[in-house]
Amino acid sequence: MGLAQNVIFGLVTGSYIAIAAIGFTLIYGIVNMINFAYGEYLTMGAFIGILTVGVLPLPLPLAAVVAMVGGGLISLLLARLFFTPINQTGPVPMLLTSIGLGLVLRNGIRLTAGQSARYFDTEAITFRFDGLPPLSVGSVDLLGGFFVTSEQLIVMGCAVGVFLLVHTLLTRTDVGIAMRAMGDNENLARVRGIDTQRIRDSVWVLAGVLAALAGVLLGIQTNVSAGTGFSQILQILSAAILGGAGSPYGAIAGSYVIGLVLALSTAFLPAGMTGISSAIAFLILIGVLLVKPSGLAGQEVREA
Amino acid sequence: MSLLDVSNLDAGYGDLQVLSDVDLTVDRGEYVAIVGPNGAGKSTAMKSVFGIADRQGGSITFDGTDITAHSPERVIHEGLSYVPQTENVFPSLTVDENLRLGGYILDDVPESRREAIFERFPVLADRGEQVAGTLSGGQQQMLAMGCALMLDPDLVLLDEPSAGLAPDLVDEMFDRIDDINEMGTAVLIVEQNAKEALRRCDRGYVLANGENRYEGGGDELLNDEEVRRQFLGG
């Protein structure tokens with residue numbers, strides 16, 4: 001496989017990480033906490049989608065909508081039960097609570113849904129582009145033909161749709177502008193008459209909706225099991241920090257950097273070293289933080 | 001009856017008490033200054049009116065409504081707005097977005113009000129798309145005051161508006177405050193620049209160690225021997 005093919009893989013991975021990372025980074029910036037249970041939100045969204053398709057049964061796009069609504073509500077419910085009551089205690093107790101909550105959710109899902117991987121039964125159409133000639137340098141092909149499946153196009157298309165909608169929300173609506181304002185200065189937001197608890201609730205719902213969509217897309221693209229979301233949380237976290245924690249635009253950029261690095265390092269590292277490809281994403285993260293602690297988007301990474 | 005009536009106010013932060021038994025009134029359309037040395041509790045007085053400092057005793061009424069227990073997001077609905085001394089704009093939001101949040105609690109801000117604010121602070125009209133964090137200190141102060149005026153409040157609380165401004169801007173800032181007051185908005189100002197504030201205001205309070213010390217007309221305080229010696233540097 002050539003470079004072009006691996007860039008496609010990287011963009012697909014970057015796409016669902018980005019959808020999730022936007023929600024993660026908004027929680028970080030506005031609720032001021034690292035939500036380590038967030039990976040489980042992806043898993044729950046994916047399972048709601050699979051259940052809706054299998055039991056009701058609804059067509060996949062409708063099931064995705066059901067999953068997003070369910071994900072939003074669950075996220076709000078969990079926040080009200082576990083995070084809102086300890087909002088004043090600071091970031092560390094909230095982080096620890098979320099680690100515990102994630103553990104409970106993960107094993108709860110494992111108990112009810114079992115250990116096996118599930119997937120959406122979709123029929124993928126594959127588009128092949130074999131016209132590109134290989135451009136070999138040693139054993140590495142720097143160009144080459146590639147293919148893209150309809151599933152991959154759906155993942156990338158959804159991501160672009162999400163970016164546009166989130167951008168519109170954050171720059172054109174009162175709720176969105178209030179969210180950004182709270183990220184800047186919560187006390188001043190209150191002085192302006194902003195009901196900060198309502199805005200926090202909105203952020204939880206939005207983050208839950210995005211996580212559920214990312215989970216469903218992950219299920220379409222590969223498969224989901226109880227540990228799926230958890231296996232993504234470090235990538236999501238790295239993407240958010242790489243982009244400048246709290247900045248949704250930075251998180252998008254960070255996600256594609258992570259996605260591309262994962263895909264390219266898997267493809268082009270010598271055979272014996274592919275095991276460290278996921279570590280390379282973190283090496284880049286460390287590198288960026290050493291050179292530019294504020295992340296790609298330039299916003300200050302605050303104490304957490 | 002006064003527009004703002006603070007009586008026997010004890011206030012501070014958590015267990016720390018900063019103010020004890022402070023009385024303070026502002027009439028409709030009046031321009032009132034609070035002056036005093038550093039640490040006298042001037043800003044705390046203002047913050048407790050707005051519900052940011054903790055009220056520990058006494059009462060605060062505004063326009064006949066008891067606001068002693070109001071949170072900031074409720075106080076703003078009563079017809080007063082507050083310009084904090086620092087961090088008084090949202091740095092990552094544009095000038096337009098900051099102004100929009102100034103009128104957040106209103107369903108609709110009349111266009112004429114925006115126009116009036118732009119007329120008073122022309123720099124804001126020219127820089128609508130600029131991110132507030134990149135404005136100069138003086139421009140940010142103008143923006144903060146513009147935001148507070150979006151509600152056309154009966155009373156505006158200004159916490160050290162001249163702090164950190166270049167000397168030539170300080171005069172302009174005080175002129176703008178005079179304008180706001182002449183349009184009928186009552187002003188309560190806390191100032192480090194005591195002489196200038198007393199010169200401009202109708203009435204003043206001198207606070208020291210968290211207690212009322214002197215009270216009177218602005219010129220009266222300026223010319224008072226004791227006040228001059230103790231608080232105005234002779």
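Each residue, glycine too, has its Cβ placed from N, Cα and C.
TrEMBL lists A:6-31, A:38-56, A:62-83, A:153-170, A:202-221, A:233-264, A:271-291 with the feature transmembrane segment.
Against the transmembrane segment (A:153-170), the recorded stretches A:6-31, A:38-56, A:62-83, A:233-264, A:271-291 differ in Cβ pairs under 8 Å, and the greatest number is found for A:6-31.
If you look at the transmembrane segment (A:62-83), the same-chain residues 6 or more away from its ends with a CB under 8 A from one of its CBs are 31, 33, 35, 37, 41, 44-46, 48-50, 52-53, 56, 94, 97-98, 101, 200-201, 204-209, 211-213, 215-216.
Ranking A:6-31, A:202-221, A:271-291 by CB pairs under 8 A with the transmembrane segment (A:38-56) puts A:202-221 at the top.
Contact between the transmembrane segment (A:6-31) and the transmembrane segment (A:271-291) is not supported, since fewer than 3 Cβ pairs fall under 8 Å when only residues 6 or more apart in sequence are counted.
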